[in-house]
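Okay, structure first, notes after.
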Amino acid sequence: MKKSAILNEHISKAIATIGHFDLLTINDAGMPIPNDHRRIDLAVTKNLPRFIDVLATVLEEMEIQKIYLAEEIKEHNPTQLQQIKQLISSEIEIIFIPHEEMKSNLAHPLNKGNIRTGETTPYSNIALESNVTF
């Protein structure tokens, strides 16, 4: 059995295929994720699994250099924003973009996976930009 944190085969595969500057997104239950090979649906019921738990686990296995968040999270979900900031290194650049741009980036060619959680708080979506480990 796999020893590292992520047991889901689709998330493991997405992370294994990521190169420098590639993206992986983690999203709330309401994000309109395209129904293609990049969709990884973990949602079981409302708030299961939670966005922040999935993010924490992914960060154990993925080296990131930058994150993208919806500008709207500042006003509509400051608690989630604070939790995200607690999880990431202060060296990681945070870029705020309009939520509509977050949605359009789900189909970006550099995006290797779109994880859907059961999260039901607004604007709980993040794009992780990969870094190298050397």
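Placed from the backbone N, Cα and C atoms, the Cβ positions cover glycine too.
Annotated in Swiss-Prot:
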- HIS20: active site, proton donor (ACT_SITE)
- ASP28, HIS99, TYR123, SER124, ASN125: substrate binding site (BINDING)
Integer Cα-Cα distance in angstrom, HIS99 (substrate binding site) to the residue listed as 'active site, proton donor':
24
Largest CA-to-CA spread of substrate binders ASP28, HIS99, TYR123, SER124, ASN125, angstrom:
12
Check each residue in the chain of TYR123 (substrate binding site) that is at least six apart in sequence and keep those whose C-beta is under 8 Å from its C-beta; list them in sequence order.
ASP28, LEU69, ALA70, GLU72, ILE73, HIS76, ASN77, GLN80, HIS99
For HIS20 (active site, proton donor), list the number of other Cβ atoms lying within 10 Å of its Cβ atom.
11
Sequence-distant neighbours of SER124 (substrate binding site) in its chain (C-beta under 8 A, six or more apart):
ASN27, ASP28, PHE51, ILE52, ILE73, ASN77, GLN80, THR117
Surrounding CB atoms that lie within 10 Å of the CB of ASN125 (substrate binding site), all protein chains:
29
For the binding-site residues listed here, ASP28, HIS99, which shows the highest count of neighbouring CB atoms within 10 A?
ASP28
Relative to the mean position of the Cβ atoms of ASP28, HIS99, TYR123, SER124, ASN125, the recorded substrate site, which additional same-chain residues have Cβ within 8 Å?
ASN27, GLY30, MET31, ALA70, GLU72, ILE73, ASN77, MET102, GLU119, THR121, PRO122, ILE126
Can you tell me the CA-to-CA distance separating ASN125 (substrate binding site) and the residue listed as 'active site, proton donor', as a whole number of Å?
21
